[in-house]
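All remarks here apply to the structure that follows.
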């Protein structure tokens with residue numbers, strides 16, 4: 001018979017049973033682990049089914065507080081540890097602190113495992129500071145020796161919270177400081193440090209730590225290699241990541257599907273499908289079975305390269321290998337097909353998805369409907385919309401907005417307005433994009449008053465107007481000659497604190513140019529130049545509007561000055577810029593020589609600034625107008641293009657085009 005090291009009086013058990021009857025009205029399942037070879041469990045009602053609630057501490061502190069009145073019973077250290085762990089797991093940190101204070105006052109001893117439980121609980125509650133504070137108090141206040149286990153627990157809490165700099169500082173303080181903590185990092189410690197360094201893009205420093213692990217008698221594991229490969233891939237250092245795979249295998253560490261997925265993703269983003277194929281072959285040779293992440297990554301890579309047919313074939317292979325496609329798989333494929341203007345093929349894929357029992361979501365429907373409208377297949381888009389309703393898939397704000405925008409593109413704003421009304425009736429409130437699309441649709445069909453009415457209706461649904469809404473209204477009003485009203489809207493926008501972007505500025509400048517107010521338009525242009533926001537700086541559209549306005553007024557001198565400013569600010573002319581000046585110069589002279597000379601001068605100026613792309617655009621315009629450049633101009637173009645870097649870039653572009 002096992003010997004009991006602590007005498008327990010019968011009076012305590014009598015009290016305990018009495019207490020349990022009192023508590024039976026509010027049943028709590030608890031058990032007392034005595035120092036026998038087996039545990040003794042006592043339940044308020046033996047016939048009652050045990051119900052465990054992980055959010056409640058399983059030990060009644062009230063019971064233990066009352067127990068000393070009945071005899072010499074004293075809580076053991078193991079009981080206090082259990083209570084701390086219970087409070088921590090239930091998130092009751094106030095009780096944890098109270099109990100820790102009691103333990104400190106009574107000079108009791110708590111095992112390290114209990115502290116680790118509290119550290120993890122602090123991590124789940126996003127309280128890294130409390131975890132660090134308790135770690136520093138372990139020895140002095142609780143006489144608990146810290147080991148690498150508690151150190152790793154706190155380090156993990158800090159790094160999982162995204163506090164990477166703080167995590168590295170904590171590591172350095174514990175391991176390298178003169179605090180004599182006598183904690184030597186292990187493999188997990190190094191993995192956490194490497195993770196933090198890679199997240200901070202200090203990949204070279206992470207490699208140094210990785211190379212120094214054997215000196216600390218720690219060998220890298222699969223997680224170490226995977227973390228480092230991921231960091232290298234994010235820095236576009238794919239070759240180094242692939243070399244690590246070879247090194248890993250030579251060290252006898254078998255790569256997991258996660259490692260292959262990281263490398264495949266990096267190679268796909270680089271567009272190196274040849275090496276991706278070799279890597280997948282290597283994966284199969286090593287007996288590593290691709291999972292849904294592998295297939296999704298490969299499909300995404302094929303879609304990026306425009307190889308949609310191969311992506312669809314890979315989907316079939318995925319299904320045949322009994323790997324179930326998910327939302328990401330189908331979403332990637334359908335997005336790829338729609339971007340390639342193959343929405344009809346995407347609809348066919350949709351049918352095969354349904355045959356496999358896949359239930360389409362709002363995202364898939366919105367992408368398909370948008371794609372069909374952009375390809376001018378409005379009837380098919382509306383048919384899909386009706387099918388969506390038949391399938392019981394409730395449209396969300398994205399689906400409704402896509403429908404409104406698509407119908408407006410087709411010149412059917414009244415039908416789009418009906419969709420908007422149905423949207424509101426269903427309890428789905430339109431956003432700024434929905435209203436802006438409808439306003440643009442009405443303006444496009446000449447229904448200016450209806451567009452203004454939509455603007456007013458935004459107040460009824462409580463939709464706040466953004467800079468895009470104001471840009472649409474200003475552009476629409478200017479388009480029908482109502483520039484004064486547009487200026488009033490502009491003033492209101494500035495008054496309420498909305499900073500106009502390039503589109504808004506360009507819209508009001510276009511309106512002012514349309515009524516011949518060039519000075520006011522140029523004043524706004526100079527105001528744009530003073531803006532700190534890059535999104536408020538003039539672009540080629542802004543310059544073309546101003547250049548056209550100046551040329552319409554025959555103010556060639558100021559137009560040339562503005563063109564010079566455009567070039568100085570790094571904005572290259574486009575086809576519209578060239579045509580604007582060619583038309584103006586042709587009106588002044590029937591000869592084409594002035595136009596050719598003007599454009600050639602532009603080409604030379606751009607080439608001298610190494611802006612080859614802009615120069616080539618102008619040359620294309622010249623050739624389209626049968627204005628062949630001089631031999632000297634061609635020579636400059638060839639010399640600039642044939643520089644080593646330019647040749648390599650051209651070759652890479654050529655290969656990319658061949659691959660697609």
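Using the three backbone atoms N, Cα and C, a Cβ is placed for every residue, glycine included.
Feature annotations, reproduced from Swiss-Prot:
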- 76-110: repeat 'PPR 1' (REPEAT)
- 147-181: repeat 'PPR 3' (REPEAT)
- 186-220: repeat 'PPR 4' (REPEAT)
- 221-255: repeat 'PPR 5' (REPEAT)
- 291-325: repeat 'PPR 7' (REPEAT)
- 326-360: repeat 'PPR 8' (REPEAT)
- 396-430: repeat 'PPR 10' (REPEAT)
- 431-465: repeat 'PPR 11' (REPEAT)
- 466-500: repeat 'PPR 12' (REPEAT)
- 501-535: repeat 'PPR 13' (REPEAT)
- 539-573: repeat 'PPR 14' (REPEAT)
- 574-609: repeat 'PPR 15' (REPEAT)
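DSSP assignment over the repeat 'PPR 7' (291-325) gives 26 helix, 0 strand, 9 coil. Sequence-distant contacts of the repeat 'PPR 13' (501-535) (same chain, at least 6 residues past either end, Cβ-Cβ under 8 Å): 467-468, 470-471, 474-475, 477-479, 481, 483, 486-487, 490, 493, 541-542, 545-546, 548-550, 552-553, 555.
The list of residues near the repeat 'PPR 14' (539-573) in space but at least 6 beyond its ends in sequence, with Cβ under 8 angstroms from a Cβ of it, reads 502, 505-506, 509-510, 513-514, 516, 518, 521-522, 525, 528, 580-581, 583-584, 602, 605-606, 609, 611, 613-614, 617-618. Sorting the repeat 'PPR 13' (501-535) by DSSP state (H, G, I as helix; E, B as strand; all else coil) yields 27 helix, 0 strand, 8 coil. Confidence annotation: the repeat 'PPR 13' (501-535) carries a mean pLDDT of 91 in the model.
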